[in-house]
Amino acid sequence: MFWTSSFLFKLLVVLLITAKFTSAEREYDQEYAKKILSSAQKEKDCALIRGELDKLGIFYEYPFAKTGLVAQIGTGSHPVVALRADMDALPLQGTVRLLFQPAEEGGAGASYMIKEGALGDAEAIFGMHVDFKRPTGTIASISGPVLAAVCFFEVKIEGKGGHAAAPHKNTDPILAASFTILALQQLISREVDPLHSQVLSVTYVRGGTASNVIPNHVELGGTLRSLTTEGLLRLKQRVKEVIEGQAAVHKCKAYIDMKEEEFPSYPATVNDQRLHQHVKRVGRIVLGPENVRSGEKVMAGEDFAFYQEMIPGAMFSIGIRNERIGSIHSPHSPHFFLDEDVLPIGAALHTAIAEIYLNDHQHSAVQ
C-alpha cells in the first residue's frame, strides 16, 4: 500500500479528531459517566467528526449503530485496512498550549516568548528535534543534561602597526593573538574537571593584508560550550581574564564582546527525569518498544533550555534518516533533505504525549 503525504496527513487528522487514550487505573464518577455516555453526547461527538470530515473532503457513510460512522480515504481499491476509533472516552480536563516559536537558531526566541507570557501557567513542556543519524520512525531520549549551554565571543587585540623589518618599533598584535589562542586552549585541559564536558573553539583569526607589514590589530572569535550553565558562566569569566592578561603582557589592548545582544547565551538543556520517562512510555505505545532508543549528550545548543529554566521539560530527538531518498545530511548542511514521512509520526507523538500527560494528571487537576 502506497501512502502519499496528503493521504497520511488526512489520516492523521482523522485520528487526532477521534482518538482517545484511556487508563485502566482511573476511577470515574458513575453518574457523570452516564451523562457523558448518553446518546445525546454521542450524537454531538458524531456531528463534530462529520463536520471535520466535511472540511477535509473525506467521504464517509452514516449512520452505523445509530451514531457511528465510517470514513474512507484512498483510491477505494484493494488492499483495504480498517482503523477503529472509540467515541465513548470521557473528556479530559486540562489545556494544551502549542508554542509556535521563531528565532531558535541563535536568536534565543524562547527567551522572548517567555518574557511575553507564552508559557502561561503551563506546568510541563515537551519538544523534539530531528536527528539525521537515526532511522525515520525512531525516537531517542535521555534524562539530565542533553545539550550544552552555549555562547559566542569576538575579540579585537590592538597594538601598533609598522614595517615588519623593524618589529622592535611596533607592538605586534599577531604575537599577542597567538599567545592568547594557546592560553585559551589550556583553560579546558588544565582548569576543567575532565568529567565535566566543556568546549572552547577559536573559529577565526583576521589580521593584516600585507606580508611585510605588522597590522594595527587582530580580530578573533569562537564559541564556548558546557554541559552545565554554571560551567559556562565560569568559563566566560576565565576567557575574559586570559584574553585581557595575554594582551597586556604583550603591551596590547583587548576588547571583548560576548555577543549577548546579538546571540544571547543559551543555558544547558536538562531533561526532567519524570518527563523523560513519560516520553519513553508514550513512544513505546505509539511507535513500539524497538523504536525507542537511549539518547546521547551533544555539545550543540538549543533555546528550549530557556523553557526548562521556568518549568520541567523534556527535549527528545526524532529520526529522519532514510538513505533511499537521500535524507542523510545534518540540518545545517546545504544538502539537507527531510524525509517527510516523519511529519505525521511527529504530530502523532506530540498529540499522544500531551493527551496521555493530561490523562495521567486528572486527579491533580481536580484537586
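Glycine is treated like the rest: Cβ placed from N, Cα and C.
Note: TrEMBL annotation is automatic and uncurated.
Taken from TrEMBL, the feature signal peptide applies to 1-24.
A simple way to gauge crowding: the CB of H129 (Mn(2+) binding site) has 17 other CB atoms within 10 angstroms, across all the protein chains here. Summarising the annotation, TrEMBL assigns Mn(2+) binding site to E105, H129, H332.
Under the heading domain 'Peptidase M20 dimerisation', TrEMBL lists 153-247. Within the model, the domain 'Peptidase M20 dimerisation' (153-247) shows a mean pLDDT value of 95, rounded to a whole number.
Close to E105 (Mn(2+) binding site) in the fold, though at least 6 residues off in sequence, lies no residue with a CB less than 8 Å from its CB.
Around the Cβ of H332 (Mn(2+) binding site), the number of neighbouring Cβ atoms within 10 Å comes to 9. Under DSSP, residues within the domain 'Peptidase M20 dimerisation' (153-247) fall into helix, strand and coil as 41 helix, 31 strand, 23 coil.
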